[in-house]
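What follows is a set of notes on a single structure, which appears directly below.
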């Protein structure tokens, strides 16, 4: 399926919204702990993991690195670049999004005893996570703040006039 067919909507997330949503996720996770530490799925889980680590006073943060996206194209294979030892008992896994479930499924296989939490979840990925904050439709591209930037736009009065 092409990108144009797959994503019909865009959901832009600001830094402030991501922080609010990660903090809301922290509230949900607080009663489910304590945790030995956090395993952040890089790269998308790094920022939410930092917020959650602060809110839950967790000082041990590991990463698991899996490559699966090139802009809006999700590759068919997931490449594990870095993993962690064990089965995940007592650990909290954090990612930004459970989309098709490919990454979540792979991490679940590696760390079946961990608690898996994401800030956002789509219908296909939702069954693979234990805790999340916001569900987004499968045909929506979530535009995270690290994938965008604020740019200066020339005021209309200063733009060249079209005849």
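Cβ coordinates are placed from backbone N, Cα and C, and glycine is handled just like the others.
Pulled from Swiss-Prot:
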- 43, 44, 95, 96, 97, 98, 99, 100, 101, 102, 103: 5-phospho-alpha-D-ribose 1-diphosphate binding site (BINDING)
- 96: Mg(2+) binding site (BINDING)
- 99, 142: guanine binding site (BINDING)
- 99, 100, 101, 102, 103, 141, 142: GMP binding site (BINDING)
- 99, 142: xanthine binding site (BINDING)
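For residue 43 (5-phospho-alpha-D-ribose 1-diphosphate binding site), the nearest of the binding-site residues by C-alpha distance turns out to be 96; the candidates were 96, 100, 141, 142. When the record's GMP-binding residues 99, 100, 101, 102, 103, 141, 142 are compared pairwise by CA position, the greatest distance found is 17 Å. Ranked by how many other Cβ atoms sit within 10 Å of their Cβ, the binding-site residues 97, 142 place 142 at the bottom. Taking a C-beta cut-off of under 8 Å and a sequence gap of six or more, residue 95 (5-phospho-alpha-D-ribose 1-diphosphate binding site) has these contacts in its own chain: 40, 41, 44, 45, 48, 103, 104, 107, 116, 117, 118, 119. The binding-site residues considered are 100, 103; of these, 100 has the fewest other C-beta atoms within 10 angstroms of its C-beta.
When the alpha carbons of residue 99 (5-phospho-alpha-D-ribose 1-diphosphate binding site) and residue 141 (GMP binding site) are compared, the span between them is 10 angstrom.
Separation of the C-alpha atoms of residue 97 (5-phospho-alpha-D-ribose 1-diphosphate binding site) and residue 142 (guanine binding site): 9 Å, rounded to the nearest whole number. Residue 100 (GMP binding site) sits 13 Å from residue 142 (guanine binding site), counting Cα to Cα.
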